Amino acid sequence: MASTLGVLEALLRNPGAIATKLEVKQLLKALLKRPGAITSASEAKQLHAQILKHNPSSPLYTSTAICVYSNFKLLNQSLLLFKTLQSPPSLAYKSIIKCYAVNGRFVESLASFVDMRASGNTPDHSVFPSVLKACAFLLDLRLGEAVHGCIIRLGMDVHLITGNALINMYAKLQSLADVKKVFETMTTRDIISWNTVIAGNAQNGLHEDALAMVREMGGAGLKPDIFTLSAILPIFAQYVDVDKGREIHGYVIRYGFDKDLYVASSLINMYSRCARVEDSIRVFKQMLKDNVIPGSVSFSSIMPACAHLTTLNLGKQLHGYIMRCGFDDNVFISSSLVDMYAKCGHIRTAGWIFGGIKGRDMVSWTAMIMGCALHGYAEDAISLFEQMKLEGIRPNHVAITAILTACSHAGMIDEGRRYFDRMTEEYGIRPGLEHYAAMADLYSRKGKLNDAYQLISTMTTPTGTIWSLLLSACRVHKNVDLAEKVASKIFEVDPENIGARVLLSNIYANDGRWKEAAKVRMTMRNMGIRKNPACSWIEVKNKIHTFIADDKSHPLHDEINIALCELQEKMELAGYVADTSEVLHDVDDEQKKYLLYGHSERRAIAFGIMSTPAGTTIRVIKNIRICVDCHTAIKLISKIVGREIVVRDNSRFHHFRDGECSCGEYW
């Protein structure tokens, strides 16, 4: 064997050399045992040239050349040779079946298998992975079962490679009972067998079965590998079970799997979906530190984390890294960048990236439309939506949600109604919860509370979340009677809805009904539930700083208070008068002014002004709706300090410049 392959090396080093007929014959026999000795398509073509010089009509020689060509997915060359064979031998059939399959020509692969059987050639175990892959891709379970019957008749159902291929096919066709049956009848199983069953269960939603298989795998003396981990980590993301995910992360580190790209990408995705974005970013940074080159999956998993935390600086660094890695022409990653920049308040940069995407798909368009919606650019969102349709992309349910959100944030009630009414007739999309929510929000913002109530009432099973949109509007429009009616609807379906109880208490307090407000608060205490505090955060020098109203834990607390006092004095000189109507505490006006003064977004803005050079844009995120008084105050602050201040609350973006806000007082 060694001397024969030496002949091959000599021929490949000197393309003009001519081997003897005996050398070529010996070489072909050796390649039948080790086809991997040919390592490139050019080497395969040189071998073919040697064959042609001696005996181009030999079925053995031709079949060997087809086998070598198929290893490099060279379908055209394989077919040219295959068609020269009057009675193709088994090797030629096996090679052409495989070559069709690896090139995605699954119908032809199956047709060649049928021809092989009709010609009297008996397939062996190496043929069936390609044939079963074709059945899975064509979603043809009955055909797959027929092939399985053929395998049983040939007595190959106990073969390891064939068994693994059967498990994979049945898993992809969601026939999990057959997956289990094949697995249990296999006399020999390897790590691939176990991983295929685990991945099949995980991908088909049988999470407990997948995890049970991992435990059984350990009992069989096998340890989870990178493929096992990549299959089960998404389960913990689905369950939002970060504790179990951390256990697996520990296992990953102990056994050195953290250097694997796919496992690291799965960890990033798991932490992101469990809302542990800091952990996902930490894993990504460790990847870079360990010189693990991120793939497209890694970037598409980490970008939503940056968008969630609105860590613009990190997002920019990742963008630079994406460009250096050559992934900037990847449509999915570019779409993730559009989404990240839009959610970090850089809608212009998002638009620039969107404009450079070639072959924009639904994800790209939706990311840009939703970005415009969140920033209040409803007309741009509508223009993009219509342009998307002109380019032949049919809107899906997410695109409809985006355009309805745009209409809602701009108060465009007629346009919103038109899109909502046409979604089923024109696009074949039945309204879902998110579409009803957007329309209810639109009606509520325009003060059409009864219309919103009627719309929600037409839903089959309205959730507490969608009723809460209307309850929030009842507070803004001071409709206590409807608020009580809506609150009762919420507590019917979600008795422990904290936000709804807080809203109802605030509605009573705003109406001066302190006893009713106190009663709601007492009910919350008796139920053991507490409201989440309002908080704001800002990124300064690659670090996230979080602020809670009147919290004194920040190391620069005193300096922030001094900065706030100075701003307050300048605001009052400019005519600022505190609006205490939304301070829902039974205290005097002076105390109410003090409470407004300590709101978290003001503290974050003051810190940002202190900590960044003059002229730098201040970007703040708040977890609840910005109050009317803070909105007025920030407009004045933007003019006083001569900076743009971008605040993202739980509804939309506000761009404050020169004493004005992009929302036009509509939020």
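Along the chain as shown, residues are numbered 1 onward.
Even glycines carry a Cβ here, placed using N, Cα and C.
According to TrEMBL, the repeat 'PPR' annotation covers 89-123 (among others). Among residues of the same chain six or more beyond the repeat 'PPR' (89-123), those with a C-beta under 8 A of the stretch's C-beta atoms are 32, 59-60, 62-64, 66-67, 69-70, 73-75, 78-79, 82, 130-131, 133-135, 137-138, 143, 147, 150, 154.
According to TrEMBL, the feature repeat 'PPR' maps to 190-224 (among others). Remote same-chain residues near the repeat 'PPR' (190-224) are listed as 160, 163-164, 167-168, 170-172, 174, 176, 179-180, 183, 231-232, 234-235, 238-239, 251, 255 (criterion: CB distance under 8 Å, separation of at least six residues from the stretch ends).
The feature repeat 'PPR' is assigned by TrEMBL to 260-294 (among others). Shown for the repeat 'PPR' (260-294): DSSP residue counts in helix, strand and coil, namely 26 helix, 0 strand, 9 coil.
The repeat 'PPR' annotation in TrEMBL covers 361-395 (among others). Sequence-remote contacts of a segment are chain residues at least 6 beyond its ends whose Cβ falls under 8 Å from one of its Cβ atoms, and for the repeat 'PPR' (361-395) they are 331-332, 334-336, 338-339, 341-343, 347, 350-351, 354, 401-403, 405-410, 412, 415, 427, 429, 648, 652-653, 655, 662-664, 666.
Positions annotated as repeat 'PPR' by TrEMBL: 396-431 (among others). Residues 362, 365-366, 369-370, 372-374, 376-379, 381-382, 385, 388, 438-439, 441-443, 445-446, 448, 651-652, 663, 666-667 of the same chain, all 6+ positions outside the repeat 'PPR' (396-431), place their C-beta atoms under 8 angstroms from a C-beta of that stretch.
Positions annotated as domain 'DYW' by TrEMBL: 575-667.
For the repeat 'PPR' (396-431), the DSSP counts in helix, strand and coil order read 29 helix, 0 strand, 7 coil. Within the same chain, residues 226-227, 229-230, 233-234, 236-238, 240-242, 245, 249, 252, 301-302, 304-306, 308-309, 311, 314, 321, 325 sit at least 6 positions outside the repeat 'PPR' (260-294) and bring their C-beta atoms closer than 8 Å to a C-beta of that stretch.
Per DSSP, the repeat 'PPR' (89-123) is made up of 26 helix, 0 strand, 9 coil.
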